[in-house]
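Annotation comment: TrEMBL describes 6-22, 43-62, 74-96, 128-150, 170-189, 201-219, 285-306, 318-341, 347-369, 390-407, 413-429 as transmembrane segment.
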Amino acid sequence: MEIFYYMVFGALAAVVAGLELSKSNKDRINTPTAFNSFKNNYLLVYSLMMAGDWLQGPYVYYLYSTYGFGKGEIGQLFIAGFGSSMLFGTIVGSLADKQGRKRACVTYCITYILSCITKHSPQYKVLMIGRVLGGIATSLLFSAFESWLVAEHFKRGFDQQWLSLTFSKAIFLGNGLVAILAGLFGNMLVDTLNLGPVSPFDAASIFLAIGMAIILSSWTENYGDPSESKNLLTQFKGAAVAIASDEKIALLGAIQSLFEGSMYTFVFLWTPALSPNDEDIPHGFIFATFMLASMLGSSIAARLLARNAVKVESYMQIVFVISSASLLLPILTNFFIPPPLVKGGGISFAGCLQLLGFCAFEACVGIFWPSIMKMRSQYIPEEARSTIMNFFRIPLNIFVCIVLYNVSAFPMTFMFGMCSIFLFVASILQRRLSAIGDKPKTDEWMLKDKSSEAEPLNA
């Protein structure tokens, strides 16, 4: 079956190359030199940040196991990371809006470097501190950088449509090409050069330090609402009011949580799904194949976002339905295809079908990221962008912690079925968002805005 992996990888690579090389003028956005320079600077930094993240991913569990920790203790360490992101994420998001997004991005680099340093210790308490630091860093990675980009983009007077170009390129590079190269580089450090399972974390620290140097030397600071009269509690209340009073923001948050919750659950499930009888599967090569599928999705998204006639709210309904159907495959193969009688060996026929479905899901992930970034830039108010984005991650982190804690309590088909339902619900909510997307803010929002403007006059 080895040739099957090469066929899938080769087919995806050919399609991605074909899409990138066949772009017409309709698929391209002509932009000035000033914007191109700004975009390339951000893409360089974002790629370095993602390299620091991707280098660690494949080796966290392996490193903990080499230190002699069992599944239960490792599970607790992972839960600590997601719990930290949930508890501290909103706080650091609010601080980013108030104290500055550039400063928050630098804090991400420092926090993640410290997290990498803790991996040198086999002490459980030290590793736990590292997971907490990693959870905080993750919250900053998925809020501060995007918030800085959106604010800086409009501060420099660039066209809104150009923002989608940066988003799609960032996902194509950071979540696709960089992920593949990081996986190969990490494999070289650990297996080829025999530098040990800590070496990818040391390499990640170097990439993060280089990125931090570029941020410090070339980025300018921007803020959400730097008003000194607003403390953290006031910012929390403002973000909560924004979500509660604007249906578009609430829908966007629910859609994001449903999709990302399913995505992170898939990360835990794909290995046992493809090797239920201890089949020998090339994990690294399959991971690279998934990342290539994600690149395909981001390439498709770039074409869609470049066309004004195509609404992101419309095509994402289809994307969620396809992703929902793709995660039904493990359930269908479990019912209709008998499992192999002998344990071990190569991937089964059912596994081959599931791998194709999982590649379709990863392509949907590649479309999702630049598209959700585009919608967030449209609907989330600038003054509380980082705070609201981290509010969105609270239900996500709760869900992932519950899944991690109970991953062995439910059959795999149940978990995939739950994810498929979540994704279908996301498509329904996306349909609702598409229907109300062009409507102005609610009267309650307008009244709040007017009353806040009138307060200084009354004083």
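The backbone N, Cα and C atoms fix where each Cβ goes, and this holds for glycine too.
Counting Cβ pairs under 8 Å to the transmembrane segment (6-22), the stretch among 128-150, 201-219, 285-306, 318-341 with the most such contacts is 285-306.
Tallying C-beta pairs under 8 angstroms between the transmembrane segment (390-407) and each of 43-62, 74-96, 170-189, 318-341, 413-429 places 74-96 first.
Three or more CB pairs closer than 8 A are found between the transmembrane segment (318-341) and the transmembrane segment (347-369), so contact between the two stretches is assigned (pairs 6 or more residues apart). Residues of the same chain lying 6 or more positions beyond the ends of the transmembrane segment (74-96) and with a Cβ under 8 Å from any Cβ of it are 60-61, 64-65, 103-104, 107, 127-128, 131-136, 138-140, 143-144, 147, 224, 232, 235-236, 239, 384, 386-391, 393-394, 397-398, 400-401, 404-405, 407.
The transmembrane segment (43-62) makes contact with the transmembrane segment (201-219), as judged by at least three Cβ pairs under 8 Å among residues 6 or more apart in sequence. Looking at which of 128-150, 170-189, 201-219, 285-306, 413-429 has the most CB pairs under 8 Å to the transmembrane segment (347-369), the answer is the stretch 285-306. By the Cβ criterion (distance under 8 Å, sequence gap of 6 or more), the transmembrane segment (170-189) is not counted as touching the transmembrane segment (413-429), fewer than 3 such pairs being found. Packing against the transmembrane segment (285-306) from elsewhere in the chain are residues 5, 8-9, 12-13, 15-16, 19-20, 23, 26-29, 58, 161, 164-165, 167-169, 171-172, 175-177, 179-180, 183-184, 270, 274, 312, 315, 355, 358-360, 362-371, 374: each is 6 or more residues past its ends and has a CB under 8 Å from a CB in it.
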